[in-house]
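Here is the structure we will look at.
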Amino acid sequence: MRQAYEAFRLRLPDRMERIPLTYHLSTDRDFQKLWVGQGISLFGSLTTRLVLPFFIIYTLSATPMQVAWIRIAEIVPGMMVGLFAGVAADRWPRRQIMGMVDVVRAGLVGLIPTLFFWHCLTLGILIGLVVMLSLAQMLFDSAYDAYLPTLVPADQLITANAKLSAMGSVAEVTGFGLAGFMFAWLGGPLVLTLDALSFIVSALTLWAIRRPESGSTPMIAPERVRVDMRDGLLILWRHPMLRHVALIDGVNNIFFGLSASVYMLYISRGLHLGPVLQGVLYAVGGVASLATAGHTNRLVARLGYGRTLVFGSLLAASGTAFLPLAFGPVWALCAFIVGQQVLGDSGDTLLLVGLSSLRQVHTANAVLGRVRATWLVLTSLGMLIGIIAGGELAEIIGLKDTLFVGVGIRLGVVLLAMLGGPAIAQAGKDPQITNPASSNPPLT
């Protein structure tokens with residue numbers, strides 16, 4: 001384990017040797033392929049993220065706990081194989097992993113409308129498919145986060161993450177904005193078919209990338225896999241800054257899990273807003289995220305990482321309070337939800353870009369897959385705790401009061417960001433001194 005931690009501190013010039021000194025993201029065709037492919041895939045996935053709950057709530061008349069079980073199926077399987085997925089992402093070519101997983105996900109998502117067409121789709125089968133999608137998602141996410149630093153230089157990671165976040169915001173605007181209409185006019189099965197096709201497009205764009213990949217090492221003997229999985233835990237635990245920001249993300253995901261269990265149920269049954277109107281309102285959050293992503297670079301440059309995370313968590317906490325406070329006629333309810341979407345999604349965008357960039361800059365690429373997978377296990381555990389708590393609390397104290405509990409969790413995230421602010425800010429201002437992954441000057 002000591003050797004693994006020392007390897008974490010090694011210089012890794014190989015991941016930058018293939019990148020020209022005059023590098024610019026706007027002229028990097030390989031990054032553009034990744035950017036476009038993931039944007040299309042996200043459009044399909046975000047549309048499904050809204051349509052699938054609509055299908056469960058309106059077609060299957062699911063209870064809060066049944067919705068929670070679907071969410072649990074999205075989280076637990078991936079969490080159970082997360083550490084192994086990290087080893088795979090560090091030992092096998094990451095781009096190939098991502099492409100193969102996209103093909104598998106296309107087949108799994110495509111099965112849902114097929115089974116529905118043949119009247120064979122049950123809640124149990126749906127949960128089984130969601131379980132397999134969870135396993136695939138964990139493997140993809142572990143490889144994806146570790147692959148990006150091999151594609152762009154370290155000093156461009158904030159910009160790259162911001163651009164990817166901006167594309168995600170565009171996908172959110174269009175996906176959420178159209179999801180309600182598509183569900184009402186086309187039905188859930190056809191929308192899911194489009195999502196399956198979007199995974200194929202993502203796979204094709206990944207295979208079209210020309211730049212040779214670096215960072216992965218040959219697969220080891222099976223008895224070494226357990227040691228490699230343990231190394232991922234060790235590396236994350238021994239780095240104080242990474243450990244603290246992982247904790248921030250973990251607690252924030254407790255809120256996301258709780259919200260996943262009750263958010264749409266409250267708007268659908270508590271505020272009595274239909275799918276079409278909901279889709280339009282959720283798209284507002286995507287617009288806010290897009291605008292925020294475009295200014296993240298300048299905000300980090302002015303405030304530093306630490307203060308940016310504090311500011312983002314404050315925005316997110318403020319937005320979270322809008323929904324349970326909503327009252328009045330439909331136009332007033334919409335105004336509250338718009339406020340929640342604008343503040344909440346803007347804050348979450350700052351947190352996402354800041355946390356991702358800190359993790360990528362301060363982790364050696366040779367172990368980034370394992371560190372990312374360990375991080376995902378931690379955040380998945382937080383998500384699971386939130387989902388179970390949300391489902392149970394909704395049954396006991398009601399949907400609205402459960403949302404107020406979510407506000408309290410968000411305030412806890414603010415406190416954690418403030419406690420870790422000084423160390424995170426210093427790491428962001430002087431990454432080449434505090435960076436354990438590399439001592440090379442950034443490329444410009």
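Backbone N, Cα and C atoms are what each Cβ position is placed from, and that goes for glycine too.
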Legend entry - Range among 89-107, 279-297 that TrEMBL annotates as transmembrane segment: 279-297
Inset, instruction - Can you tell me which of 39-61, 67-87, 279-297 gets the most C-beta pairs within less than 8 Å of the transmembrane segment (183-209)? - result: 39-61
Inset, instruction - Look over the recorded stretches 67-87, 108-135, 279-297, 309-338, 375-397 and say which has the most C-beta pairs under 8 A to the transmembrane segment (39-61). - result: 67-87
Legend entry - Top Cβ-contact partner of the transmembrane segment (67-87) among 108-135, 279-297, 309-338, 375-397 (pairs under 8 Å): 375-397
